[in-house]
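I have placed the structure first, in the form of structure tokens, so that the comments after it can refer back to it.
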Amino acid sequence: MKCIPFDYYFKLLLLMTHFLFSLLCQEVYFKNLSKQKQKEVMEKNGNNHKLRVCVATCNRADYSKLAPIMFGIKAEPQFFELDVVVLGSHLIDDYGNTYRMIEQDDFDIHTRLHTIVRGEDEAAMVESVGLALVKLPDVLNRLKPDIMIVHGDRFDALALATSAALMNIRILHIEGGEVSGTIDDSIRHAITKLAHYHVCCTRSAEQHLIAMCEDHDRILLAGCPSYDKLLSAKNKDYMSIISMWLGEDVKTRDYIVALQHPVTTDIKHSIKMFELTLDALISFNKRTLVLFPNVDAGSKEMVRVMRKKGIEHHPNFRAVKHVPFDQFIQLVAHAGCMIGNSSCGVREVGAFGTPVINLGTRQTGRETGENVLHVRDADTQDKILHALQLQFGKQYPCSKIYGDGNAVPRILKFLKSIDLKEPLQKKFCFPPVKDNISQDIDHILETQSALAVDLGGTNLRVAIVSMKGEIVKKYTQLNPKTYEDRLALILKMCVEAASEAVNVNCRILGVGISTGGRVNPREGIVLHSTKLIQEWSSVDLRTPISDALHLPVWVDNDGNCAALAERKFGHGKGIENFVTLITGTGIGGGIVHQHELIHGSSFCAAELGHIVVSLDGPECLCGSQGCIEAYASGIALQREAKKLHDDDLLLVEGMSMKEEEIVSAAHLIQAAKLGNTKAESILRTAGTALGLGVVNILHTVNPSLVILSGVLANHYVSAVKEVINRQALSSVKTVDVVVSNLADPALLGAASLVLDYTTRRIY
């Protein structure tokens, strides 16, 4: 065997040593470079040291909102130092020792403060605040945070804000400006006045803070931090979670989640209401997960009610003190219904479209999605039971009232912008108040808008429409012939438009869809379509589009949408009773009575094109004879034009047609203008038929205004007025008949579905 020389090993050792030294030098270089860049960024923001942030959490509910922010802070150690203080019901066994979930999330808890005085009555709440005020100064002296983050409206949070304010520590308050019932409202607004910076979740909350004279530049409209997790949570594995908490035999949408807290301003009534709720749930006979109430005054009595009724041992009930937030959101996302008075029901659950029954006054004033049914005066078991029967098993559009999933990045950006050199003393901005001012430039520039979809016989159109009716961006494609291709194209175009909305600074509130045929707007289903749109009957449009875009979706007939467009943007604005008639390929319309659209008992109201004006008239596409549409629609005029053309009676001097050109209604109108008497007669008959239909409408619903819309409106307006003057009763002859001035009523009407109803949340 051949020997390898010693000098070979020596050279190899030198080479490896040199290589390792080079790697070490390179690592040191890049570490120093990274530190230098971090320093430059902090100096640019006016801070030459890391921002020391203290996050104090008091209970399971506020931790669900604070945790996403804590994860964000922890992920950027070059900018922040995080200290976590835990107090309140987190440390009580009866409420689940929920501090453990903070440890499971791998956060270091700097301090644990036992601040709850047991007793669960009003005096115990006051004593708990006092105990927290005694213990907190020592903790804050040791931590010396630059800023403390406080959430919500609990009495523990009031103690935190009071301590920090008196010790000259800046306070960032999460979820200020909101409105609800009970003592929480007063506590929330008191914390607002102590806080230096505000992160709010809705536009209304932002306006409330401004009205409370808070500094406009220190308010950030970010959305709710919990929505960052909620909007990505529904697709995760959930069956194992449902089985673990409710049993292996339970299916999705076939169980109830109940969460009810005492109302501290009326404890006796809230306990009675809880008793009625449990009785109703027992009668309803569905598997139910009941969570124990919070630590407020009255909670002990509510637990006694549960035990008196045997809820913990009832085969249909599972009573628990705490469910980890990740699992809780899966449970409510797939529940058949949630019932109670928790803010979670009116806020977070809307992200999934799960039906909610909100009992009593605890959440009065909260903005809610259409998934929430309010039972303000829950004073009988039958009333609560009826609400369960109405809501259980329904599926509503997902709501993004409280957030769009991007709150944490906005909050972190806001924290980095805080200049610690600014004076600590708060400044109040007394009236006059500026509108829609926000620290985040994205929100200053954003415009509330809707995605409008128009499904026509030929084209499929999607547009971004602003609150003022401006069409910001429009997309047009040929309407596919099959259901699958059509739905896929709608989703593709909507996703593209939603992405573009970000670039043009538009905040999309929802999707409105205008389509031909008979539509159930409550369920978002096309019941029967016109013959112009194939494979478009019994189609659920709301669910797939809402699931894909995480936006609420409204659907209605194109005639109704045209009426809504006039009500919001056109001649119908401010008019109590009016009718819109669309004169295009077909004849359609919508009726607005006492400012509301009429749909009818089977969603067939305002099929104005099928008013019969002659018993032996031409056949209509609906199968009947003598309908307005058989005389005055674009299809009817095209039919008559073809007859004239086949008999060589259409073309007159000044007209010409190419050999391959298709005869249309436009040729008939042109011929009439050039003196073709037969064409004139056909148009006169069509105008008379339309006029007779309008007279019937006047005698039926007695509107004060008739709006003619569509490409043929200008050709019919004079004829309609003449027929009214000749045939109508004298009491309705004074009606105004006008031509619409809207360029695109179908898209504007679809947008109106969204823009008119996104804020109508009380039932």
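In case you wondered, yes, glycine gets a Cβ from its N, Cα and C as well.
Whatever TrEMBL says is automated annotation, not expert-curated.
Under the heading domain 'UDP-N-acetylglucosamine 2-epimerase', TrEMBL lists 79-416. Sequence annotations record features per position, and here TrEMBL assigns N-acyl-D-mannosamine binding site to ARG518, THR530, ASP558, GLU607, HIS610, GLU629. Among the features that TrEMBL reports, active site is placed at ASP558. Taken from TrEMBL, the feature Zn(2+) binding site covers HIS610, CYS620, CYS622, CYS627.
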Cβ packing number for CYS622 (Zn(2+) binding site), 10 Å threshold: 15
Cα-Cα distance linking HIS610 (N-acyl-D-mannosamine binding site) and CYS627 (Zn(2+) binding site), given in Å to the nearest integer: 5
Lowest local Cβ density among ASP558, GLU607, GLU629, which the record lists as binding-site residues, within 10 Å: GLU607
Residues satisfying Cβ distance under 8 Å from ARG518 (N-acyl-D-mannosamine binding site), sequence separation of at least 6: VAL526, LEU527, HIS528, ASN557, SER602, PHE603, CYS604
Alpha-carbon distance [GLU629 (N-acyl-D-mannosamine binding site); CYS622 (Zn(2+) binding site)] in Å: 9
Fewest-neighbour residue among binding-site residues, criterion Cβ within 10 Å, set CYS620, CYS627: CYS620
Largest inter-residue Cα distance among ARG518, THR530, ASP558, GLU607, HIS610, GLU629 [record-listed N-acyl-D-mannosamine binders, Å]: 16
Zn(2+) site, defined by HIS610, CYS620, CYS622, CYS627: further same-chain residues with Cβ within 8 Å of the Cβ centre: GLY609, VAL612, LEU621, GLY623, SER624, ILE628, GLU629, ALA630
Additional residues around N-acyl-D-mannosamine, ordered along the sequence, whose Cβ is within 8 Å of the centroid of ARG518, THR530, ASP558, GLU607, HIS610, GLU629: GLY516, GLY517, ASN557, GLY559, GLY586, ILE587, GLY588, GLY609, CYS622
CYS620 (Zn(2+) binding site) versus HIS610 (N-acyl-D-mannosamine binding site) - Cα distance in angstrom: 8
Rounded distance in angstrom between the Cα atoms of THR530 (N-acyl-D-mannosamine binding site) and CYS620 (Zn(2+) binding site): 12
HIS610 (N-acyl-D-mannosamine binding site): tally of other CB atoms within 10 A of its CB: 20
Surrounding CB atoms that lie within 10 Å of the CB of THR530 (N-acyl-D-mannosamine binding site), all protein chains: 19
